[in-house]
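Straight from Swiss-Prot, the features:
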- His696: active site, proton donor (ACT_SITE)
- Arg15, Glu16, Leu17, Lys18, Lys114, Arg517, Cys518, Trp563, Glu607: 5-methyltetrahydropteroyltri-L-glutamate binding site (BINDING)
- Ile433, Gly434, Ser435, Glu486, Asp601: L-methionine binding site (BINDING)
- Ile433, Gly434, Ser435, Glu486, Asp601: L-homocysteine binding site (BINDING)
- His643, Cys645, Glu667, Cys728: Zn(2+) binding site (BINDING)
Amino acid sequence: MLTHTLGFPRMGAHRELKKNLESYWKGAIGQEKLMASGRELRLRHWRLQQQAGIDLVPVGDFSYYDHMLDMVAMLGAVPPRFGWQGESVDLDTYFYMARGSSGHRTTTAMEMTKWFDTNYHYIVPEFYPGQRFRLARNRLFEELAEACIEGIQAKPVLPGPMTFIALGKEMVAGFDRWSHLDAVVEVYEEIVSRVAAKCSWIQLDEPILATDVPGPIRLRVRDVYRRLAAVAGPCRLMVATYFGALQENLDLALSLPVDGLHVDLVRAPGQLEKVLPCLPENMVLSLGLIDGRNVWRSNLRQAISTAQDAVVARGSDRVMIAPSCSLLHVPVDLAGEAVLDPRIRSWLAFARQKCQEVNVVRLALDGEDVTEVLQANDTAMENRRKSALVHRDAVRRRMADISPDMYCRRSSFEERKKQQAWLRLPTLPTTTIGSFPQVAGVRSARRSFKQGRISEEQYRAEMQRYIREAIAQQEALGLDVLVHGEPERNDMVEYFGEQLAGFCFTENGWVQGYGSRCVKPPIIYGDVERLKPMTMEWTTYAQQQTNRPLKGMLTGPVTMLCWSFVRDDQPRSATCKQIALAIRDEVQDLEQAGIKIIQVDEAALREGLPLRKSAWREYLGWAVDAFRLTASGVADSTQIHTHMCYSEFNHIAEWIAKMDADVISIEASRSNMELLGVLESFTYPNDIGPGVYDIHSPRVPSVAEMVELLRKASEVIPLERLWVNPDCGLKTRAWPETLASLRNMVAAAQKLRFFARG
């Protein structure tokens, strides 16, 4: 019986790749040093998996930015605006596509969106009429050669062709990206034939099969894999599915002419009993038994029992043991957590530990004595179930006391808008989403305070200095609604979680968000409760520095949930409601302190959608209720804002309207205002601010560009309900580009106001 993983974290336990990437982009190191750091990380991770008992170690899962961007480069699918001449796709062209800048060249970066329902972002492939594809990058072959030299039993991993095209987008109206399928598969054939001679298995990821696949597309899958199997020779192909059940795609997956099928038995444990009776005699079944997306220790007895059922039905030579999906979504190693509460630590497993869990399941099925390991696992499971850390009676009582009126504002939006006229905002009010650039001095002050190297007074003085400067900069720019800039916050979820019961934090629990961006998600281990006010000091201080309206900035309950590792011992909806009650208390405290515009960010509401549309209504019901529970306890004269990332709202616009925020800002510029297409068919009833420039790129957009985007927006959104703002917060940007971009944004709003006056 073989063990394998579907992928491994890329950044390194201490974010080594992040640091080298950012040094390279700044010109502080050269390409040779960046490549060397990548080789060192790959080898370290291959060895780690090998030593943990993994037989087939993935190769090709490492990336300097994103695995979908790697596939774009490998296929030569470089969009025309990047000026690629058709030669090999070099590293600078690769980063140019992702970031929109390379040396003195700038253009619009490729769009980025969430990888299924995870917190990882991928670069969206672009498809054009007349596009040609050819093998244009050799990185996979080079890394496979590296692994072979090191004696690694390597398994190349690629996004499957169906998933690659399904997750892309047409760049010309009326064009069908699937018309390129044959041409794309031709390049895949070349890739498969080249790596097949050097490995025993090739993994092609098709998580799209765990979603609602249109009928005409389903009809083409078999032919694609017939072609790939024909060029693989004796090398065996595995189709990997994950993030959910195959459901109506099960028969299709089982009929593919491949040698192995991976199924996710964490997200969809019930599908095993449907798979086993129908599995072809010659097909190996890979069991995704260890959770690749969450940090909790596995119930090993349960995993072994499930695997035993498969072995009895299939034989051990036709069963593999694996995590449910790539381990990209969890931190590298729990051994790096020295200060975490040892009780909570005993309940956790990171990537390295999950590889060890995979091996324990295999050892048990091979008849090895794993009694001691299982007893330790049993103890951890039982301790967690009974722990007083997990259960808080006061939270349970408050949950039981929630009444229907707590979900509703007192009056309609029209009435509230009249009550909010006292804010005296102009047409097309300008604002930002919340955070401003976090300069080295601010980060250093936070770190020094946390480590006890500076006093609370010194820390407070540094934060107040930043806030004063941020307010002064915004006033000088002419922004209408200000923010305090969030210098005290290392992360929009971690900052709040650190002050809430039921959350804990790691020292080195980093996971990749996109490119070099890493996040350290909180772990929600127990009942959530606010212990004290969390934002009052900084927000009220900022309001004292200006006569203009200032927004209080809070993170909403759904985003707190989606961007955390969530407890798995109760429904997610219950945990979300607990967070909503905690944030509701903060909203009411801010209002009482005189903050009359309060933003409750729900950046993650869209990404929390289940993969299957049939499950959307249930999720959206409790997600919208959680927001309303958070925001509905204020007076009509208090203006509630929310912010969301990504503009794919065509199927959920009515639910967003049900949130009943007075103002919503939505990321829109990177997708060239695709959001407006939704608003043409659905009249959003409240105020809205579609983002007019992309904050993920260092590029400064011109006034003319933003005027054009606002003009487009004004065709479907009445001017009296249109706000002007960037796509997202500005924390990761530098001050010079931030000020230049905001200056142009304010100028664009002023121009449109002038045009509107005739």
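Keep in mind that glycine also has a Cβ here, set from the backbone N, Cα and C atoms.
Between the C-alpha atoms of Glu486 (L-methionine binding site) and Cys645 (Zn(2+) binding site), the distance comes to 19 Å. When the Cα of Asp601 (L-methionine binding site) is compared against those of the recorded positions Leu17, Lys114, His696, Cys728, the shortest separation belongs to Cys728. Neighbour counts of Cβ atoms within 10 Å were compared across the binding-site residues Leu17, Ile433, Cys518, Cys728; the minimum falls on Cys518. Among the recorded positions Arg15, Lys114, His643, His696, the residue whose Cβ has the fewest other Cβ atoms within 10 Å is Arg15. Around the Cβ of Glu607 (5-methyltetrahydropteroyltri-L-glutamate binding site), a 10 Å sphere holds 22 further Cβ atoms from the protein chains shown. Closest in space to Leu17 (5-methyltetrahydropteroyltri-L-glutamate binding site), of the recorded positions given as Gly434, His643, Cys645, Glu667, His696, is His696, taking the CA atom of each residue. In the three-state DSSP assignment, the secondary structure recorded for His643 (Zn(2+) binding site) is strand. The two recorded residues His643 (Zn(2+) binding site) and Lys114 (5-methyltetrahydropteroyltri-L-glutamate binding site) have their Cα atoms spaced 16 Å from each other. Residues Thr432, Val483, Met492, Met553, Gln599, His643, Cys728, Gly729, Lys731 surround the recorded L-homocysteine site, their Cβ atoms falling within 8 Å of the Cβ centroid of Ile433, Gly434, Ser435, Glu486, Asp601, which are themselves excluded. Local packing around the Cβ, expressed as the count of other Cβ atoms within 10 angstroms, is greatest for Glu486 among the binding-site residues Glu486, Cys645. Of all Cα pairs drawn from Ile433, Gly434, Ser435, Glu486, Asp601, which the record names as binding L-methionine, the longest spans 13 Å.
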